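Going by TrEMBL, these are the annotated features:
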- A:Gly166, A:Arg167, A:Ser168: NADP(+) binding site (BINDING)
- A:6-121: domain 'Tetrahydrofolate dehydrogenase/cyclohydrolase catalytic' (DOMAIN)
- A:140-278: domain 'Tetrahydrofolate dehydrogenase/cyclohydrolase NAD(P)-binding' (DOMAIN)
Number of protein chains: 2
Amino acid sequence: MTAILLDGKKLSQKIKDSIAEEIKTLTASGKKPPKLATILVGNDPASATYVNMKVKSCHAVGMISEKIELPDTTTTQELLAVIDKLNADPDTHGILLQHPSPPQIDERAAFDRIDLKKDVDGVTTLSFGKLSMGVETYLPCTPYGMVLLLKEYGIDPAGKRAVVVGRSPILGKPMAMLLTEMNATVTLCHSKTKNLPEIVAQADIVVGAVGKPEFIKADWIKPGAVLLDAGYNPGNVGDIEISKAWEKSSHYTPVPGGVGPMTISVLLLQTLYSAKDHFTPPLK
Amino acid sequence: MTAILLDGKKLSQKIKDSIAEEIKTLTASGKKPPKLATILVGNDPASATYVNMKVKSCHAVGMISEKIELPDTTTTQELLAVIDKLNADPDTHGILLQHPSPPQIDERAAFDRIDLKKDVDGVTTLSFGKLSMGVETYLPCTPYGMVLLLKEYGIDPAGKRAVVVGRSPILGKPMAMLLTEMNATVTLCHSKTKNLPEIVAQADIVVGAVGKPEFIKADWIKPGAVLLDAGYNPGNVGDIEISKAWEKSSHYTPVPGGVGPMTISVLLLQTLYSAKDHFTPPLK
């Protein structure tokens with residue numbers, strides 16, 4: 001058995017190409033291109049890099065971007081006022097608030113201020129509730145990117161055991177809910193989980209969503225498992241010890257070039273959906 | 001080892017007594033008692049019985065109840081209009097829409113129309129999102145009732161394996177999320193789960209939330225597990241084969257007299273919280 005690489009770079013490009021095509025058609029018919037507003041608070045260099053990548057990708061597919069940079073000293077109230085303005089602007093189809101915000105910001109309040117119809121990054125509490133209920137909404141980009149990779153490679157999670165390692169509100173928890181929607185039996189693990197190696201060893205699908213370099217060891221992996229790595233840690237490594245684990249897997253995402261590129265193309269895709277005035281189509 | 005019965009009837013009475021006490025103090029100071037509005041659509045006799053039990057319990061603790069009965073032919077729009085009126089009424093502190101509604105009703109839309117501040121039954125999509133994020137809200141009554149039983153008997157789910165059987169939006173899913181909040185490692189099982197007996201056999205805490213009589217067999221249970229049975233099926237039996245399983249457990253909820261009575265006292269408790277203008281306190 002040879003492990004199959006889940007090529008996020010390739011699928012991401014395919015999605016971007018189709019978005020670019022659609023935007024061409026839109027603009028040819030006289031409509032304005034979709035517009036994504038990005039908000040970066042503070043001076044974190046990694047966050048600045050991420051925002052720049054997103055802005056660049058917008059332009060590459062023919063979208064308009066509005067880049068808002070706020071000082072490190074911004075208050076929650078000031079940030080909410082910026083979001084309110086973007087919510088009210090009929091030309092803005094999507095709003096992305098780059099995570100993490102500086103510590104004085106109530107980031108949850110800021111996320112939740114984003115109008116559900118412009119929450120193309122899928123970060124609001126209400127969108128989490130909706131996805132958990134199987135109701136249409138926009139989905140958190142990284143989990144949805146992983147779902148699209150599964151679909152692209154014909155991997156149906158139904159009836160499979162999935163183990164998600166990490167329970168953050170925009171990654172581990174929604175991924176657990178999306179896999180449950182797709183009829184996997186999901187175990188959600190976290191820092192208080194005991195016997196993690198044994199739990200991971202039962203998984204047909206392993207999701208690394210913990211943000212710790214090579215935290216999930218190759219030894220733990222069941223032969224033939226599908227490995228999805230949403231981690232991107234210093235040293236260009238993910239959350240799974242993929243250099244050794246890939247050989248045991250049936251399918252795996254490389255780092256880089258797996259889940260990472262999907263995150264951006266899903267953001268653009270959902271911005272396009274918003275411009276077309278609909279939510280993300282159901283998973284099934 | 002002797003299995004300990006988690007006495008929901010007793011804890012429920014204790015909660016009701018303390019609510020009654022508090023309402024006496026409230027009214028003695030000249031304030032109006034809290035008011036719960038119940039809505040029953042259609043003629044389902046079981047639903048009518050549940051609503052009557054809730055109304056009776058309201059009166060027993062000194063709360064005011066407003067019982068709204070709508071015909072079987074009610075449309076979603078008509079139901080939404082009733083909810084809007086109750087949302088706008090400053091004297092109504094809680095709104096309960098009895099599940100299930102007749103098939104022509106969009107029950108999810110009706111639940112979600114309930115003002116979050118009056119959603120004392122914890123059924124809205126937004127309240128689900130909030131509880132999943134660990135943000136204060138009202139909690140779905142049956143899951144929260146089970147959590148209070150665990151707390152009363154000093155059972156800390158942290159680090160334990162929990163298996164929730166059933167993924168309904170107001171029972172299984174929120175129970176999985178609440179147990180995750182309490183640091184359990186939770187596996188959410190459902191109709192598409194394979195090898196359910198083996199999965200249940202790994203659980204330190206088993207939650208029956210599937211609505212099928214004695215579906216979870218005594219054979220599957222790990223000795224010393226905690227058994228929480230939210231099922232209440234024809235023949236007065238739960239979802240767990242408790243007549244045989246209780247002996248293997250460390251703690252178990254009987255049916256009846258376990259989870260059932262907790263559901264009503266939690267409803268009253270959250271109505272009191274609403275009258276006092278705050279959400280349900282954090283679990284930890």
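Using N, Cα and C of the backbone, Cβ positions are placed for all residues, glycine too.
Here the binding-site residues are A:Gly166, A:Arg167, A:Ser168, and the ones sitting under 8 angstroms from chain B, going by CB atoms, are A:Arg167.
Counted within 10 Å of its Cβ, the other Cβ atoms near A:Gly166 (NADP(+) binding site) come to 24, all protein chains included. Taking the centroid of the Cβ atoms of A:Gly166, A:Arg167, A:Ser168 as the NADP(+) site, the other same-chain residues with Cβ within 8 Å of it are A:Val164, A:Val165, A:Pro169, A:Leu171, A:Gly172, A:Lys173, A:Leu188, A:His190, A:Ala209, A:Val210. Per DSSP, the secondary structure of the domain 'Tetrahydrofolate dehydrogenase/cyclohydrolase catalytic' (A:6-121) breaks down as 61 helix, 18 strand, 37 coil.
In the three-state DSSP scheme, A:Arg167 (NADP(+) binding site) falls into the coil class. For the domain 'Tetrahydrofolate dehydrogenase/cyclohydrolase NAD(P)-binding' (A:140-278), the number of residues in each DSSP class (helix H, G, I; strand E, B; coil) is 54 helix, 24 strand, 61 coil. Around A:Ser168 (NADP(+) binding site), a 10 Å sphere centred on its CB holds 17 further CB atoms from the protein chains shown.
On the 0 to 100 pLDDT scale, the domain 'Tetrahydrofolate dehydrogenase/cyclohydrolase NAD(P)-binding' (A:140-278) averages 97 in the predicted structure. Over all protein chains present, the Cβ of A:Arg167 (NADP(+) binding site) has 25 other Cβ atoms lying within 10 Å.
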